[in-house]
Amino acid sequence: MNPYAKLTFSLSLMLGTTITISSNHWMAAWTGLEINTLAIIPLISKSHHPRAIEAAIKYFLVQAAASTLLLFSSMINAWHTGQWDITQLNHPTSSLLLTTAIAMKLGLVPFHFWFPEVLQGSPLTTAMLLSTVMKFPPITILLLTSHSLNPTLLATMAIASAALGGWMGLNQTQIRKILAFSSISHLGWMSIVLIYNPKLTLATFYIYCTMTGAIFLTLNTTKSFKLSTMMTSWTKTPVLNTTLMMTLLSLAGLPPLTGFLPKWLIIQELSKQEMTAPATIIAILSLLSLFFYLRLAYYSTITLPPNPTNLMKQWHANKPVSTLIAALSSMSTLLLPLSPMILALI
């Protein structure tokens, strides 16, 4: 892709995200979401592979439908209340339509079907953007309207997302699809606590973005797309694969690592709100996703190929590990001791 074109699309992504997260008016938020959608489509389809073109078309259709629903929701609300302010979403039908629209944009169950397919058809860097940056504007809209949303509906969708994200990821061999179902599962955790503590949802999203960004950038460095190629990457970059294993275990939410913090705080918040049953269910469902994270960690470090390869060894100096991967991996594994400071910020 032409570097100027790539720069234009990247700046458009930043512009669209900034417009949506800083707007109070529904039309401005909708405009930002549309700019985002149109800017990411060329990045999805830049390889010109049929799979990438299919992913771009699926993404466009789903996002266009979601944007239409969002606009419809805001117009019904304006019709009944005379308000275009995002925080003044008082009409129940508008609230239901908005929840549906944002669920489609994020890939929450039952509107999740497009997400694994689109991620599988995209390059790793674009897949990282789809899993992190592209979810920021819809989550911001959810935060601004959290007081108007239906708690039962959100809790049901959250538990269904955690269940399906864990269940569907079990038999996948393509790493991008596994990370897509991981994203669906994490969105379930974010959604269930949204109404009770919106800042905790945002903190969870930031930590999730840090861990997912580190994993995608590491996979992009080692050029690992499926589990079988992941096994051979240990001989090329052993240290990078070790940090990948730690980041994956952090994403699973194991205690000494950063990923344990949001899950611990979410279960604590749900217990305070006397939602013991949903907290128990979502904690048990996280064991499903723990299985495939452990499998990824096992393939990345412990499993070596049965026979030595006859290919020329790829020396470490050929592709130095970027500072960004080092920073994100460190933050993904070592932030748990800073829990008091994070709690003070929340």
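Each residue, glycine too, has its Cβ placed from N, Cα and C.
According to TrEMBL:
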type: DOMAIN; residues: 23-288; note: domain 'NADH:quinone oxidoreductase/Mrp antiporter transmembrane'
type: TRANSMEM; residues: 56-76; note: transmembrane segment
type: TRANSMEM; residues: 96-115; note: transmembrane segment
type: TRANSMEM; residues: 152-171; note: transmembrane segment
type: TRANSMEM; residues: 178-196; note: transmembrane segment
type: TRANSMEM; residues: 202-219; note: transmembrane segment
type: TRANSMEM; residues: 239-257; note: transmembrane segment
type: TRANSMEM; residues: 277-300; note: transmembrane segment
type: DOMAIN; residues: 290-343; note: domain 'NADH dehydrogenase subunit 2 C-terminal'
type: TRANSMEM; residues: 321-345; note: transmembrane segment
Do at least three CB pairs under 8 A connect the transmembrane segment (277-300) and the transmembrane segment (96-115), leaving out pairs fewer than 6 apart in sequence?
no
Three or more CB pairs closer than 8 Å, sequence separation of 6 or more: does that hold for the transmembrane segment (202-219) against the transmembrane segment (56-76)?
no
For the transmembrane segment (152-171) and the transmembrane segment (321-345), check the count of CB pairs under 8 Å (sequence separation 6 or more) and say whether it reaches 3 or more.
no
List, by number or range, the same-chain residues at least 6 past the transmembrane segment (321-345) whose CB is under 8 A from its CB atoms?
203, 207, 210-211, 213-214, 217-218, 221, 237, 239-240, 243-244, 246-247, 250-251, 255-261, 265
What residues in the same chain, six or more past the boundaries of the transmembrane segment (239-257), come closer than 8 Å to it by Cβ-Cβ distance?
182, 208, 211-212, 214-215, 218-219, 221-222, 233, 263, 286, 289-290, 293-294, 296-297, 300-301, 321, 325, 329, 332-334, 336
